[in-house]
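Before any comments, here is the structure.
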Amino acid sequence: MLDIQTHMDFAGQGKAERWSRFIITFFGIVGLVYGAFVQQFSQTVYILGAGFVLSSLITIPPWPLYRRNALKWQKPIDTDAKSSSSESGDEGKKKKKQ
């Protein structure tokens with residue numbers, strides 16, 4: 001099967017958000033200026049929509065540039081050792097008086 005990576009690290013998420021904001025803002029300004037120049041609000045909406053589509057294609061998929069800072073995970077805790085130590089620890093505790 002295909003080995004498709006689906007994660008994005010925290011730095012990549014921030015980068016994707018900045019790119020998304022920049023692209024949509026840029027296309028919004030260009031669309032507003034062009035729409036005012038040709039006196040067609042529909043052109044503004046079309047240009048903004050194109051910016052949204054471009055922004056989505058650039059920022060939503062987890063491209064490799066958004067996965068450069070891999071997270072360092074801790075080693076898993078052995079659940080058998082943890083459960084046996086918590087059971088023995090409960091025996092030594094006193095119950096509250098009511």
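Just so you know, glycine gets a Cβ as well, placed from its N, Cα and C.
What you see is a predicted model, and the numbers here were worked out from it, not measured in a lab.
The phosphoserine feature in Swiss-Prot is assigned to Ser84 (among others).
Taken from Swiss-Prot, the feature phosphoserine applies to Ser85 (among others).
Annotation source Swiss-Prot lists phosphoserine at Ser86 (among others).
The phosphoserine annotation in Swiss-Prot covers Ser88 (among others).
According to Swiss-Prot, the region 'Disordered' annotation covers 78-98.
Per Swiss-Prot, topological domain 'Cytoplasmic' is recorded for 1-18 (among others). Regional average pLDDT for the topological domain 'Cytoplasmic' (1-18) in the model is 85.
Taking DSSP states H, G and I as helix and E and B as strand, the topological domain 'Lumenal' (39-42) has 2 helix, 0 strand, 2 coil. Here Swiss-Prot flags 39-42 as topological domain 'Lumenal', drawing on similarity to another entry.
As annotated by Swiss-Prot, topological domain 'Cytoplasmic' applies to 66-98 (among others).
Annotation source Swiss-Prot lists transmembrane segment at 19-38 (among others).
Distant neighbours of the transmembrane segment (43-65): 5-8, 12, 15-17, 19-20, 23-24, 26-28, 30-32, 34-36; these residues of the same chain sit at least 6 beyond its ends, with a Cβ under 8 Å from one of its Cβ atoms. Per Swiss-Prot, transmembrane segment is recorded for 43-65 (among others).
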